[in-house]
Amino acid sequence: MSIYAVIGTQWGDEGKGKIIDFLSSKIDYVVRFNGGNNAGHTIVVNNKKFIFNLLPSGVLQGAKCILGPGVVIDPLILIKELEALKHNNIKTEIFISDKAHIIMPYHIKLDELNEQKKGVYKIGTTKRGIGPCYADKINRTGIRAVDLLDIKIFERKLKINLDEKNEIIEKIYNHKPFNYDDILSKYKKCIAILQYAITNTEEILNQAINSGKIILIEGAQGTMLDIEHGTFPFVTSSNTLITATTGCGIPISKIKEKIGIVKAFSSRVGSGPFVTEILGPIGDKIREKGQEYGSTTNRPRRIGWLDLLTIKKSISLNELNHLALTKLDILNNIEDLKICTAYEFKGKIYDYIPTSCEILENVKPVYKVFKGFKQNIRNISHYEDLPIEAKEYIEFIEREVGVQISILSLGAEREKTIFRNQKWINI
């Protein structure tokens, strides 16, 4: 039995999808434990780009896919992704936790209306209904996948929820209410398609563990978006840390290797503190070259220099024992590269991330400056062949954070990968 976990160390969009896709060729099960279709995974195979928002990235390699209890599921989006796989002749076996909560049309509308009401104080959500769905989960009023298996229960819960949500939509937001029969009709069609996959996924995973199967746990988004430990309130609505994997029925003690994905620079989507943000031509150059646009919303991502405080925090919270560095190839032909090693505020040096967003908005980054490299490194397949400037950048990160960079990704394609630790080739 071997269980591996892949976790984003920044604000998401680190390149987890490519790494997971590569590793999944030897995996029996790939498990997603958090988030919904607010997360996007981009994978390039044979020059064809696949973008998934709900399905785990390992789906293209034939691994059995599990959407765990911590995932919130928009059935319409899931069906669309499954149809895309079928269209491309990709076979997959999917299991949906009967404990997973279901995103409803009123969740999406409330997400949109709430963002509009906040005005300049908006968080920058994807408006996919994620937050309102998790709110119903915490409030213990949400509709779960298991409820879809008994139409009478689903009808009753839909009626109760819709009455409440329509009152909010009409009286607080002065917006047109939803029609019960319209939603019921639409979701009955979804149920007919998806009900075969809804099951007790903890039992499936327990059987897989007991029979020695190889399991890959896939985190969505990143540590700095965690609802508890991220830059609150500019965070997602779920736990993104490895501790959330317990919700899948897998004890953390059983996870053999935990690899954190680090992008060679920083990016984030939406509002919130971003200490190392690069405004101007260099940031624009990195964004365009790296195609840094949200795979879910297509919004341009904000670009910044690599911030080691976020990486150290992620390593500590997730007990990461390996790192994968992605998109180093995007940084060629930049004269000076910077890595943030600390923050400064009113004469005080911070070697950790302050909790207060008000402080974070005003700290100044303390940088270590590196000479850039001009060479196009995308076709390099051995670490020794990298420019010395690129190796200095990599090895400085390793020394500062105390964890080996075991994998280097130098492009979106599977083959553009350098392994510095054979463990990840031989899983």
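Each Cβ is built from the backbone N, Cα and C atoms, and glycine gets one as well.
There are 29 other Cβ atoms within 10 Å of the Cβ belonging to Asp13 (active site, proton acceptor). Annotation source Swiss-Prot lists active site, proton acceptor at Asp13.
Other C-beta atoms found within 10 angstroms of the C-beta of His41 (active site, proton donor) number 26, with every protein chain shown included. The feature active site, proton donor is assigned by Swiss-Prot to His41.
Per Swiss-Prot, GTP binding site is recorded for 12-18, 40-42, Arg301, 327-329, 409-411, and the stated evidence type is sequence analysis. According to its DSSP assignment, Lys18 (GTP binding site) is helical.
Residues or ranges marked as IMP binding site in Swiss-Prot: Asp13, Glu14, Gly15, Lys16, Asn38, Ala39, Gly40, His41, Thr126, Arg140, Gln221, Thr236, Arg299.
Using a 10 Å Cβ-Cβ cutoff, Gly40 (IMP binding site) registers 22 neighbours. Residues annotated as Mg(2+) binding site in Swiss-Prot: Asp13, Gly40.
Annotation source Swiss-Prot lists substrate binding site at Ser295, Thr296, Thr297, Asn298, Arg299, Pro300, Arg301. Proximity of Asn298 (substrate binding site) to non-local residues of its own chain (separation of 6 or more, Cβ distance below 8 Å) is seen for none.
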Quiz item: Is any of the binding-site residues Asn38, Thr126, Arg299, Leu328, Leu410 within 10 Å of Asp13 (active site, proton acceptor) (Cα-Cα), and if so, which, in sequence order?
Solution: none
Practice problem: Within 10 Å of each Cβ, count the other Cβ atoms and name the one among the binding-site residues Lys18, Arg299, Arg301 with the highest count. | Solution: Lys18
Quiz prompt | Cβ atoms near Leu328 (GTP binding site) (within 10 Å, other residues, all chains) | solution = 25
Quiz prompt | Largest CA-to-CA spread of IMP binders Asp13, Glu14, Gly15, Lys16, Asn38, Ala39, Gly40, His41, Thr126, Arg140, Gln221, Thr236, Arg299, angstrom | solution = 34
Quiz prompt | Fewest Cβ neighbours within 10 Å, where candidates are the binding-site residues Gly12, Gly15, Pro300 | solution = Pro300
Quiz item: Any idea what DSSP makes of Leu328 (GTP binding site), helix, strand or coil?
Solution: helix
Quiz item: So for Gln221 (IMP binding site), how many other CB atoms are inside 10 Å of its CB?
Solution: 25
